[in-house]
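I have placed the structure first, in the form of structure tokens, so that the comments after it can refer back to it.
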Amino acid sequence: MTNIRKIHPLMKIMNNSFIDLPAPSNISSWWNFGSLLGACLALQIVTGLFLAMHYTADTTTAFSSVTHICRDVNYGWVIRYLHTNGASMFFLCLFIHVGRGLYYGSFSLSETWNIGIILLLTVMATAFMGYVLPWGQMSFWGATVITNLLSAIPYIGSDLVEWIWGGFSVDKATLTRFFAFHFILPLIIAALVMVHLLFLHETGFNNPLGVSSNPDKIPFHPYYTTKDLLGVILLILPLMTLVLFFPDLLGDPDNYTPANPLNTPPHIKPEWYFLFAYAILRSIPNKLGEVLALISSILILAIIPLLQTAKQQSMMFRPLSQCLFWVLVADLYTLTWIGGQPVENPFITIGQAASILYFSLILIIMPMVSLIENKMLKW
């Protein structure tokens, strides 16, 4: 008799996606981050739902409602800090996931890669709007500065900003719509994840060697379900350490001051996971230029498949490209550090140099080095 999981219409989909899915026998722990991102998304949706039950999206009560959650709601502080620090873990996994795709040439699966970029942009938009909701000083001024960048768009810029604000400044209308979008976007992200997986299962997995996975495949369960479960446990450890011992380590002290439109904080900066893009934005003195640089810093991922000159898909056997990849990682670390520093020398100069290096590495240096490697390996 055929197992019910293979014939039941609903269970069959689950079975083909997570149980009998043919997976390469040699994918390493770097492939764990997809499932960790799924776990992070589930955590964010659940904790966010409970927070939404007690939060009020009104400028007069938003800040006090967050305080009420932390002080008066049973385990409200755990839910709140799981949500804020869960976002940090989400982005950490996202960056590693994208980095793994770059290192092992997963961008050759173009549909999966492009949906991934859309997912990255959607998650960034969701996180930005979520940061505005507690209505602290950094929430208010972060929203003002970032939304105001749209005024650099010719002709329609000013109208667009006022349309997003719902008035002539960041106010009640802005907070209400940001809460509405912050609530609905994770559900859209979940739908996009399904599309991401659909395309991935159409083409099959990449693997560390960058060769065809077809000759040797194993079922996803129990091998990779067990491996993913270990990954989830290892992710829970640092997350719970942050939540229970250092809940405000990654936050900004200014956000514990209620929003005040008449008092600008000395250093306006976003959460740590946006600092690299913020540093690139700040390194250009022209307003339209900085908006284009900010967008390009993410959308540059979309043209990476077009810049691929290497004859080998993976960087596994390309030591020069490996060195450049880690230079790129170090450059992103530098940009993240610079984004959190005040706008003064030498930070401005370092930020500009790191921004130029970031674009040069991806657009010029890495494709050229790949061509040199082709010659060296006599491809």
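Glycine too: its Cβ is placed from the backbone N, Cα and C atoms.
Copied over from Swiss-Prot, here are the features:
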type	residues	note
TRANSMEM	33-53	transmembrane segment
TRANSMEM	77-98	transmembrane segment
BINDING	HIS83, HIS182	heme b b562 binding site
BINDING	HIS97, HIS196	heme b b566 binding site
TRANSMEM	113-133	transmembrane segment
TRANSMEM	178-198	transmembrane segment
BINDING	HIS201	ubiquinone binding site
TRANSMEM	226-246	transmembrane segment
TRANSMEM	288-308	transmembrane segment
TRANSMEM	320-340	transmembrane segment
TRANSMEM	347-367	transmembrane segment
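Positions of the features from Swiss-Prot, shown on the structure.
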{"residue": "HIS83", "record": "heme b b562 binding site", "DSSP (3 states)": "helix"}
{"residue": "HIS97", "record": "heme b b566 binding site", "DSSP (3 states)": "helix"}
{"residue": "HIS182", "record": "heme b b562 binding site", "DSSP (3 states)": "helix"}
{"residue": "HIS196", "record": "heme b b566 binding site", "DSSP (3 states)": "helix"}
{"residue": "HIS201", "record": "ubiquinone binding site", "DSSP (3 states)": "helix"}
Cα proximity to HIS201 (ubiquinone binding site), best match among binding-site residues HIS83, HIS97, HIS182: HIS97
Other parts of the chain folded back onto the transmembrane segment (113-133), taken as Cβ under 8 Å at six or more residues beyond its ends: 55, 57, 62, 66, 87, 90-91, 94, 97-98, 101, 106-107, 139-140, 142-143, 146, 174-175, 178-179, 181-182, 185-186, 188-189, 192-193, 195-196, 199, 270-271, 273-274, 298-299, 301-302, 304-305
Cα separation, HIS83 (heme b b562 binding site) to HIS97 (heme b b566 binding site) (Å, whole number): 20
Sparsest-packed of the listed binding-site residues (HIS97, HIS201) - C-beta count within 10 angstroms: HIS201
Distant-in-sequence Cβ neighbours of HIS182 (heme b b562 binding site), under 8 Å, six or more positions away: GLY48, THR126, MET129, GLY130, LEU133
Distant-in-sequence Cβ neighbours of HIS196 (heme b b566 binding site), under 8 Å, six or more positions away: THR112, ILE115, GLY116, LEU119
The transmembrane segment (33-53) versus listed stretches 77-98, 178-198, 288-308, 320-340, 347-367: most Cβ pairs under 8 Å: 77-98
Dominant neighbour of the transmembrane segment (77-98) in 178-198, 226-246, 288-308, 320-340, 347-367, by Cβ pairs under 8 Å: 226-246
Same chain, 6+ residues apart, C-beta under 8 Å of the C-beta of HIS83 (heme b b562 binding site), given in sequence order: GLN44, THR47, GLY48, LEU51
